[in-house]
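**Q** Reproduced below are the annotations present in Swiss-Prot:
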type: BINDING; residues: GLY13, SER14, GLY15, LYS16, SER17, THR18, THR174, LYS175, MET176, ASP177; note: GTP binding site
type: REGION; residues: 262-284; note: region 'Disordered'
type: SITE; residues: ASN74; note: site 'Stabilizes the phosphate intermediate'
Amino acid sequence: MPRYAQLVMGPAGSGKSTYCSTMVQHCEALNRSVQVVNLDPAAEHFNYPVMADIRELIEVDDVMEDESLRFGPNGGLVFCMEYFANNFDWLENCLGHVEDDYILFDCPGQIELYTHLPVMKQLVQQLEQWEFRVCGVFLVDSQFMVESFKFISGILAALSAMVSLEIPQVNIMTKMDLLSKKAKKEIEKFLDPDMYSLIDDSTGDLRSQKFKKLTKAVCGLVDDYSMVRFLPYDQSDEESMNIVLQHIDFAIQYGEDLEFKEPREHEEESSSMFDEYFQERQNE
C-alpha cells in the first residue's frame, strides 16, 4: 500500500513549523496518524514531536565551526543538505517500512535548494522509490502578499519549486489569523486572482518598459495556464484547515487504498462540510 508525504516548503518565516504543528493536531482530531520529520539542519526549536531530526545526522553550527570547511550560514546549510542527500539510508532507517504512513517533511526555507541544487529533487525521487505519494506544500506569509508586486514575487517563488520538483503542489497563504478584517478583504482578490487586473495595478508605477513587459508576461503565463492558486490557512479556524487538507489529500489520492477503521469510542464524527473560507465572513 502507498505511503504519503507532504514537503512543507516556503521562505524563512512563512510559518512552516507552525503549519506542521497545527496540522498534526488537526489530523489527530480526525483520528489520522501524522508524523513530522525535521529537514532543517539550522532549526533551533519546534513545538511538536518528530520521528526524525536531520540535526541528529548533521547540524549547521557544527559545520560552521569546522576550521577545515570555513562555511558561512548559507554555505553550511548547502553542505548539510548535500551530506543528507548522500546519506538517505539514515532517513530510510528512521522512517521504517510501516504502511499507510503520512509524514510531513519540514524543509529549510532557502530558495536555492529548489532552484540551483538537486537535493530536494533527489529527495522526492527517493521517497517515490519508497512508495510515497508526495505533494509539495508551498507556504507564503499572507502579510507579505497584500501588494501586487509582492504577490507576483510569491508566485515566482512557488513556480520555481513546482517546476524544479515536478510533483503536485498546493500553495498556501499562512497567518490569516493575524490579518485585520480590512486586510482579509484586500487579500481575498489574491486567492483566485484576475491576473490582468493585477497587471494594471503592478505596472502603473513602473518607469522601465522592460519591467512592464516582463510583469505582463509573467501574469499572462500564470493566467493562461492556471498554474498558481493560493488557499488561505487560518490556524484558528478548523474549516480553513479542513479545506487545505482536502486539497492536499486529493492531490496525493489519500484514502483510496486505505482500509476502513472504526472510530475510537466517545469520538464524534468529523464534519465533512468544506465550504469556502470567506463565504461565512462576507457579513463581518
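Sequential numbering from 1, following the chain as shown.
Glycine too: its Cβ is placed from the backbone N, Cα and C atoms.
Surface or core, plus neighbours and distances: that's what I need for these features.
**A** Reduced to three states, the DSSP call for SER17 (GTP binding site) is helix.
With a cut-off of 8 Å between CB atoms and residues at least 6 apart in sequence, the same chain places GLN110, GLU112 near ASN74 (site 'Stabilizes the phosphate intermediate'), listed in sequence order. In this structure, ASN74 (site 'Stabilizes the phosphate intermediate') is part of a helix by DSSP.
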**Q** Between SER17, THR174, which of the binding-site residues has its C-beta surrounded by the fewest other C-beta atoms within 10 Å?
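**A** The binding-site residues SER17, THR174 were compared, and SER17 has the fewest Cβ atoms within 10 Å.
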**Q** Hey, of the binding-site residues listed (GLY13, GLY15), which one tops the CB count within 10 A?
**A** GLY15
